Amino acid sequence: MAEESDDDKTEAPTPHRLEKAREEGQIPRSRELTSLLILLVGVCIIWFGGESLARQLAGMLSAGLHFDHRMVNDPNLILGQIILLIKAAMMALLPLIAGVVLVALISPVMLGGLIFSGKSLQPKFSKLNPLPGIKRMFSAQTGAELLKAVLKSTLVGCVTGFYLWHHWPQMMRLMAESPIVAMGNALDLVGLCALLVVLGVIPMVGFDVFFQIFSHLKKLRMSRQDIRDEFKESEGDPHVKGKIRQMQRAAAQRRMMEDVPKADVIVTNPTHYSVALQYDENKMSAPKVVAKGAGLIALRIREIGAEHRVPTLEAPPLARALYRHAEIGQQIPGQLYAAVAEVLAWVWQLKRWRLAGGQRPPQPENLPVPEALDFMNEKNTDG
């Protein structure tokens, strides 16, 4: 069978496809975003720490230009002076270097996240084939990268050139100033120029981030056949099947709990079961079950019912029969019509009592539940 072309891959990648690509180290990256953040951090460090940096660099420059006649006869003094100058330069530039390195390590995480994959480091002999390399040279991706580089270089060059032309007199005055003052003013000029460059490239960086995400998703597009194959593969995975069933049960239980406030009555076996019933004589031919559960779920049904003032009736045989023989969203069995009718009659009496007051209606007893629908062992357990 011939391989599918890119034209056939019109579907967005599935979460499984994205996760698999991530495990293989295929995530969107924007070098422009990293460059922008590095430049921005450098500008901030120079802007806020420029005075201290200027003093240290000026002191280092002054010490470097100072000539000690003893160095002529003692080469060790020259070596010691060089080491001192290197240490001074490192201490002066340490905040700038540390900030830039830290941002260079962290910035890729902002777009694609932190991931370590050894697969991208494995040798691929297919890369030795020159034909795919030549094809990549003339691809749309390469053309877009070239256009982006030309635009960025042009923009940075124009901003820098305009800035130098506008501040040329100030730069010329630096030669007449003391070393410390000149160094501080020079750093201010450099910082302002870098800030203007940052502001100029922000729109381009935003476009690059969007372009990288779009290209990444386009590269991972799938055909309809790919999606069907992935689904079949996932369906055969017991872990995935179990996860799907678990999610389906959780969703069904969540929907069921949302329907409890709509119930007219909750029939309970206090130690085991709860069944919520609803009946609308204008829309339903028979009462239906909107929620049911055992154990903790039964307790939660009763709690939600109490929060919404849904009447609760303790009727263990009826609760057991409804739990065993009625399904959620379905009408109750015909054999239980008589018992449920007595329960609903009590509910209507209870509603009238709440509105008009008077004597509270007694709960129905000895409801007619067929023995075939009850379970004698549970009946004995309840006492």
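Cβ atoms are placed via backbone N, Cα and C, with glycine included.
The compositional bias 'Basic and acidic residues' feature in Swiss-Prot is assigned to 10-26.
Per Swiss-Prot, region 'Disordered' is recorded for 1-26 (among others).
Look at Swiss-Prot and you will find 359-383 (among others) tagged as region 'Disordered'.
Taken from Swiss-Prot, the feature topological domain 'Periplasmic' applies to 1-32 (among others), supported by sequence analysis.
For 54-74 (among others), the entry in Swiss-Prot reads topological domain 'Cytoplasmic'.
Taken together, the residues of the topological domain 'Cytoplasmic' (117-145) have an average pLDDT of 60. The topological domain 'Cytoplasmic' annotation in Swiss-Prot covers 117-145 (among others).
Annotated topological domain 'Periplasmic' per Swiss-Prot: 167-190 (among others), in sequence order.
According to Swiss-Prot, the feature topological domain 'Cytoplasmic' maps to 212-383 (among others).
The feature transmembrane segment is assigned by Swiss-Prot to 33-53 (among others), with sequence analysis given as support. Residues 92-93, 95-96, 99-100, 102-104, 107-108, 110-111, 184, 187-188, 190-191, 194-195, 197-198, 201-202, 205, 208-209 of the same chain lie 6 or more positions beyond the ends of the transmembrane segment (33-53) yet place their CB under 8 Å from a CB of it.
Swiss-Prot lists 75-95 (among others) with the feature transmembrane segment.
For 96-116 (among others), the entry in Swiss-Prot reads transmembrane segment, with the evidence type sequence analysis.
Taken from Swiss-Prot, the feature transmembrane segment applies to 146-166 (among others).
Only residues 6 or more beyond the boundaries of the transmembrane segment (191-211), in the same chain, are considered here, and those with a CB under 8 A from a CB of the stretch are 30, 32-33, 35-36, 39-40, 42-43, 46-47, 50, 111, 144, 148, 151-152, 155-156, 159-160, 163-164, 167. According to Swiss-Prot, the feature transmembrane segment maps to 191-211 (among others).
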* Helix, strand and coil counts within the topological domain 'Periplasmic' (167-190) (DSSP) -> 21 helix, 0 strand, 3 coil
